[in-house]
Ligand SMILES: *Cc1c(COP(=O)(O)O)cnc(C)c1O
């Protein structure tokens, strides 16, 4: 195999050679050059969702979940009440994060194969005035379903509640415009649709909200208000920054703009998704979600019902042919997932389908 395996996973994902090469340099965390890099990345992130006027963006060390936790810790006051709209595994993780941090948390669960409902949210908020904030996962990566961000944001604004959005797997690919969608905090990370490497998250916080967040966080490391104050004052990260990750993200964002920004990225991922879903249909594999709910981020496939099917075998054989698949995250049905994101295109997706087809035939499965 003369290339690394293609990662068909929603982060870490396959990155370009340029992005990998950007990590071959050591940076001093106090140095003006690195501070300028951080400032450039922050500015670029704000521009992607047109949030320069309304929000600040605060980067944070760690995987994406660290930033989700920091957003809740910083934005939801200790006597606040978070309502989590739940239709999958990442929603449940958000609920757990908030509960463990001692925030009053209510979880409104819907079936995993359906988007959350803005109408149901309105009813829940009207019935309970104690709810101060709503937590929404934009693209629920557990299944791949996209939730109605604009409608949920409209309800939150109309009924005067804060909104925290986990846009980890959608940011950069699906359209989000902070001038049109009102949110208190929106969370994403380096190693998803911007095609950087994992290691840092970032949280957009509405300026007026951030001003009132001092002292909310029970945790020093998770305190985005403190991180923001320090960064504004010194240009530096509060604690050791993931320097190579920041450098890789800066380079990945240059390529993002060269490709044509969000519309181009969405178009490529949409083509990846179509190649995948059509190809797998040809192998007799159906998607867990109805076609109208599929997202160009990640697709959940129902496993073949044949008793000879083993995910471990599918995984190992696909890997031997250069493609890393992703296990399912559902409890009720046997599934596996295939990511459409990363520095890959039609050719790699078609090769992945061919590898799955060969593997299934080797297991004695597949179309007659
Ligand atoms: C990837 C992802 C996260 C963060 O996961 P980490 O493993 O902590 O990086 C959070 N929410 C969603 C929806 C994600 O896709």
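Using the three backbone atoms N, Cα and C, a Cβ is placed for every residue, glycine included.
Pulled from TrEMBL, these are the features on record:
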DOMAIN    33-300  domain 'Aminotransferase class V'
MOD_RES   192  N6-(pyridoxal phosphate)lysine
I'm checking region-level scores; what's the whole-number mean pLDDT for the domain 'Aminotransferase class V' (33-300)?
98
Just counting, how many other CB atoms are there within 10 A of the CB of the residue listed as 'N6-(pyridoxal phosphate)lysine'?
28
Helix, strand or coil: which one is residue 192 (N6-(pyridoxal phosphate)lysine) in, per DSSP?
coil
